[in-house]
Each structure stands twice: as structure tokens, then as C-alpha cells.
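Student: Okay, here's the structure, questions in a sec.
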Ligand SMILES: Nc1ncnc2c1ncn2[C@@H]1O[C@H](COP(=O)(O)OP(=O)(O)OP(=O)(O)O)[C@@H](O)[C@H]1O
Ligand SMILES: [Mg+2]
């Protein structure tokens, strides 16, 4: 590695701790978070034991799902060149030093190492304490897994980003193929599990058997990785041995290829064009993705909408135009997922008797809304508006500014709510009124949580540290949601209308309370400074 | 004369570091005040406090009679500003950016916008995307934005940043015009005296967060000329005898300080020529202020 990068890594590391000393609340927050992570195994122990999963096979199940649905998508983001990002302050430094693109890339990736390690330690504890896997077996599994899976994902990232032999077209095809394989596998898994459950009831053993079947283990790279897991946890079979062998071979082979791969001019030319664009990037808020840093422009669609609205409302119209520029059809995949989920829910209730009962439509939908509102962070678009100093100079109240800066988010929630609720409702044949109730509550609850998160995570978080704030936010969210959840339990005994009215009023009240509290704390640019 | 901006014993502390210390200053209607100081003196910090972008740790600031902190919106209604580099939306055209701010100000007529565009000389490029603008063009766009609401107070942080000489002259002319004809009060900051002295009435010199001097520019109409002549000693005597001017001989040129009532250098030239002294060059200088600035801000 090159000296300047080593220096940067060391300095950032030291500064990280220096900052913690200066901000004791931040340090406390980090500590709480780490403790929380390490308690996950203990917290889940009861549930896992109750489900009868506290075995080697149970570990295989959890680890397989983790690999397929956490690690794999993460690696896929490298393919999209989006998963790698630099801190803004690093950018100038890296580009000014004689750093090769490969090194810069590895530096950017290396920042995830800590989190990765923490995850692995958690897995280790879980394996030993919850799944009763012997310590030695666990540690061998994890050490080998850490080495080879990191080699694999890093070399894949380097190849996918920086290879000049593979053309951009080919990379796109690779990406598509990987997605198709993952999608096909998911469908395969689902149909197998569903049909088996319909035939003879639900059984985890069946899912495990599917996940360890040769078909899965032979999926290139990700399946091979599972081969090693199966081999060490469940004992050797020819297929597991072959998969493991392929796992090791691919990791070593790809690393070697990535190491030898020639990366010449293209990158540096990009870097040059970047320095011309530096003013543009300076105006961008937050971290900068590798793609942006090295000059590959984000694709934009021509959209010639006119600005509308007066006073702060024009912020909403501006955001609308910006979204039209960045998303071809205004909506993206993350929105259509809701449509798929809605249809899925409806179909499940149609074909799978007794699993989802239309009588409980409102409870299911609102429960889902609560889950989505609490666990899915609102977009930070409002924040970039407030990072523009001019916004503070505009003659309107902070409340109007904040509301309009987050209005597009509410509109998107509305669209997603329709996607989710309407197909599910129609397929379950519930009344139109119930569909309307469900949509309204979804939007209101999400909007309410948006402002809770803005106040606690962004505004208070700027002062006390974001890690600590996110814990507080979780606690507050849970407290706030107690009301709606309790109300839901009375849907069957009291009238639906009454419950709808009660939850709506409550949500509106809390929404405006937090909107107001947020806005009075957004006085000036110091409000969001750390 | 009415006071438009009153800065009263203002202090600013960030992270226990005192950035502005006990600073008091009043600026009158129609006055152009230059805020002069080396890098890191606290100009931007002071300006940010005046426009309410950051908290005021100590003291008060009022703009047009409204306290900046307690009556923020009333005070803001009178202010137009560029603070550091103007932040525009790079993928919008200049026109769309202005349209955006116009709507923010509850609507500004199309004619008014066109007038401003013409005024900052961007008519040819106004439909180009801002990301393709040069620094100076962005600065001009920022000025147009700042003038959008017909402000009584115009605050420009380093407005000459990135402007070419022609643009600078234009800006200068413009600011004088706004102050004279529309009675706008202007604050301009810079770390270069030469860039702002010609447009300012007064110059406040800031160093390490403290106001160390306020200089009147206009009163000081004493003009200094450097004469390069064939017989400097003879010229010196002539100046004293005929005009009662004590001049200094520096190296090979004469430093002549012209009193305010004698603003015309041509009479001197004529006298020299009549006495057979050849003139190689005459250069107007205004070093007195610059020397003082350097002296005041020196470590
Ligand atoms: N948010 C902040 N946190 C810490 N220090 C700050 C902050 N803002 C300004 N300072 C410090 O305050 C001092 C004055 O900064 P300021 O930007 O006001 O200077 P300036 O006179 O505008 O300089 P320049 O001519 O370079 O623009 C500097 O020493 C700067 O480091
Ligand atoms: Mg400054």
C-alpha cells in the first residue's frame, strides 16, 4: 500500500478516537450500540430455541440466509459502483497523492472492515452460545470465511470497477446475470417452501434442506461460499467438498487476477475531470460515491418541467423536477417493491387459507405500516435543502420550509401505500373504505415518524452524535407506536371507523408536534453542524 | 442620517474559541462599508451573524431597526446577500435558478428578473446550466439573486472573487449607483484593499476578530502622484515656491501629495513644462490607505 494512504488510514483512525474523547455522549452512544450488537445473540436465544433452531442446522439456515440476502446484495452494490464511497474530506487527499485506482478502491472498501469484523464476532458468539456449535468448529469456520469471503468480495469489486479488459457492456451483463440468478433462486426457494408447507405444514428442516441442496451449493461464488458453511457444520459430502474447493479456488484466482490486472489511464483521466468538477462536488452534501468521485457521471434524464409554487412550496416543485431527472419514470425499484409485496400479500391470502385473513386487513396493513415507518429511515432530501445557506435567507417560516422540503417524501409514501394496499385489498375483497383507511394511516404514520427522525436523529443527533441519537430515536419510536398498536387490538371489538379516527388524530398530533419542534430547532446553519 | 445596521458589542465563540471579540459598528443608510481583513480575520463570521446564519454569542445586531435574532424575518426582508460562494443548483440554468429564488420571495416579475440578468451581464448565457458557468459568472448570478427582493441592505462576502477586471469595474460602478440612487446600504468584504477602496465610503479593518480601525475613504481626497522628471531637485523647489507643496524625493521620482482643494494635477504639469523640466511620467497613487492597512494588519 502506498504511504499516503497508510497515513490517511492511521490519521482517520486516531481522529476517530480523539473525537470520541471530545464528545463523551458520542462515545457512550457507540458503546451502547456495540453492547446492543453483542447482546443480539442472547436476545434471540429464546426465540431460536423455541423454534427448535438451536442446532448446527439452525446455524446453517441463519448463516445461509445472511450470506444470500445480506452479503450478496452488498457485493452487488459494488457491481453498481455505488457501494463504495469516500468521505468528502478524503477525496482531495486521495486524488492529490500518487494513489493507484486499485489502492483508492481498497481504501474505500477498507472502511467497512470494522463493521464486518464486528458482525463476524457476533456470528461467532451466536454460533457458540445459541446454536451450540463447538468453539473450535465455529472459529475455524469464521476465520476461513473471513479470509476467503473478503478476498472474494474485494477482488470482485476491484475487477468490476476498474477492469479495462471487461467492457462496460460485459459488466452490465454480469450484473444482470447475477440478479437473475438471485431472483430465480428466491422464486425457487419460495415455491419449494410454499408447496411443501401446503402439503405437510411448515417445517424449518425443509428450508434447511433446500438451502443445503446441491442446486444451491452450485450457484457460482455465493453458493460455493455456502459449501464451506455446510461442510464444516453438517459434515462432508461430495457436493459440499466440491463447492468448498470452488470457493477457495475462486477466491484465490480472482484475487490473483485482480492483483495482476492492469489498470492504466482511464481512471486517471477520470480523476482529472474530477478536479475540474471539484466545485460541483463541494456543493454536494454527504459522502461521495466512487462513481461520482472519479467522474463517471450519474445518468440523468432530460426533463424540462417548469418550477411552480410560491414561497417554500417551490422547494417541493424543485425536488419533483430533480426526481424526474434522476428517475426515468419518477418511481424506482424501491417503489415498485411495494406493488409486488401488495400483490404477494393478496395472492397469499387467496391461495393460502387461514394464513392471512381478510377480516384482519386493517390490522395487517397498519401493522405493516408501523413496521415500515419505524425501521425504514426517511430519505435525507430535506437535509440537503437545509445545507444550502440561501434557504435560511428566504423569507418564510422554518416550519413551512421544512414541511415543503419533506413533502415529496410524503407523496412517495402515498404512492407506495397505494401500491401496497390497493392490490392486497382488492384480492382480499375488503371494502373500499377499509382500503382508504389503510392508505391514510400508512401515510400519516410514516409522515409522523419522518419528523420524529428529523428531530432526534438529524437535529439532536448533530449535537450528541448520530449513533446515540439513533438509539434514542428507536426508543422514542417504540414509545410513540405503543398507542397505535394498542388501538389496533380493539379494531375487532370497537368500530373500524373509531380506531381509524383515533389513530389518525393521534398521528396528526404527534406529526405536528415533531414538525414544530424540528422547525424551531432549524434556526440557522449551526443547527445541523456537528 | 439614519442608521441601517447597528452592530453592538458583538462576540462569537465557536468551540470555546473567540472568533469575533466585542465588535461595535454602525452603518448608515446609503453607505458603502468595506470589511477588510486578512484571511481568517472573521469577515465571513461577522457577515453570517448579520444575516442570521449563525447564532450571536454576545451582543446584538439590528438591521433596519429589527433585531436579527429576535425579529429574524423582519430583518431578513431588508437584506440581500451573497455569503461566500453562491450556492446555486448546478443542473438548472441560470434562469431557472433565478426563477427559483424569485418564487421563494413570493414572486418577482419576469421583467424584474430580466432586468437583473441584463444588469449582471448574463443575458447571453442565462439559459445555460450553472454547472457550465465560470466562477465569475456564478458570482454575477449570485449578485442578481441578492438583488431580487430590492433589498435596503446588500451584503456581499468577497464579491470580487473570480471577477475579471471589467467585471470588477462593473460591480464597483453598480454598487456606487445602488448606494447613491437607491440609498441602499452595502457591506462588501475583501482581503484586498485595492479591490474595494474605490467603491467604499468607509473601510472597517478587522484583524483576529477585532475591529482595529475604521477609515474614511472619501474624505481622504488627498491624492498622491509620482512624478518622474528630468530635474527632480529643481522641480522640488518649484513646487514649494509656486504651490506651497512639500514633496519628497524617492530614488528617481518625486512623491507629491496634492491637497484636497488642488485636485487638478494639470497646473503642476504646466508649471514644470514652463520651467523647462521634462516630464517622463505622472502616476496617481493612493498608498496612504494601503500602507496603513498593511501596517495595521501586520503581525
Ligand atoms: N464553524 C467553525 N468552526 C470553527 N472555527 C471556525 C468556524 N467558522 C470560522 N471559524 C474560524 O474563525 C476564523 C474566522 O473565519 P472567517 O471565515 O470568518 O474568516 P474570513 O475573514 O472570512 O477569512 P477569508 O478571507 O479567508 O474568507 C478562522 O480562524 C476560522 O478558522
Ligand atoms: Mg470569508
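Every residue gets a Cβ built from N, Cα and C, even glycine.
TrEMBL does not curate its annotations; it predicts them automatically.
TrEMBL lists A:27-44, A:56-79, A:113-133, A:139-161, A:173-198, A:204-229, A:241-259, A:336-353, A:360-380, A:435-456, A:468-490, A:497-517 (among others) with the feature transmembrane segment.
Mind mapping these onto the model and telling me what they sit next to?
Tutor: For the transmembrane segment (A:27-44), the residues of the chain that approach it from at least six positions outside its boundaries are 20-21, 118, 121-122, 125-126, 129-130, 464-471, judged by C-beta separation under 8 angstroms.
Packing against the transmembrane segment (A:241-259) from elsewhere in the chain are residues 102, 147-149, 151-152, 154-156, 158-159, 217-218, 220-221, 223-228, 230-231: each is 6 or more residues past its ends and has a CB under 8 Å from a CB in it.
If you look at the transmembrane segment (A:336-353), the same-chain residues 6 or more away from its ends with a CB under 8 A from one of its CBs are 194, 198, 364, 416-417, 419-428.
Same-chain residues lying 6 or more positions outside the transmembrane segment (A:360-380) and placing a CB less than 8 Å from one of its CB atoms are 286, 345, 406, 409, 417, 420-421, 424-425, 428, 430, 434, 437-438, 441-442, 445-446, 448-450, 453-454, 457-458, 474, 477-478, 481, 484-485, 488, 491, 496, 499-500, 503.
Sequence-distant contacts of the transmembrane segment (A:435-456) (same chain, six or more residues past either end, CB-CB distance under 8 Å): 361-362, 365-366, 368-370, 372-374, 377-378, 382, 402, 406, 409-410, 413-414, 416-418, 420-422, 425-426, 469, 472-473, 476-477, 480, 484, 496, 500, 503-504, 507-508, 510-511, 514-515, 517-518, 521.
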Student: Using Cβ distances below 8 Å and needing 3 or more such pairs, separated by at least 6 in sequence, tell me whether the transmembrane segment (A:139-161) contacts the transmembrane segment (A:468-490).
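Tutor: By the criterion, they do not touch.
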Student: In the same chain, who gets a Cβ under 8 Å from the transmembrane segment (A:204-229) while lying at least 6 residues past its ends?
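Tutor: For the transmembrane segment (A:204-229), the nonlocal Cβ contacts are 51-53, 57-58, 60-61, 63-65, 67-68, 71-72, 141, 144-145, 148-149, 152, 156, 181, 185, 188-189, 192-193, 196-197, 239-244, 246-248, 250.
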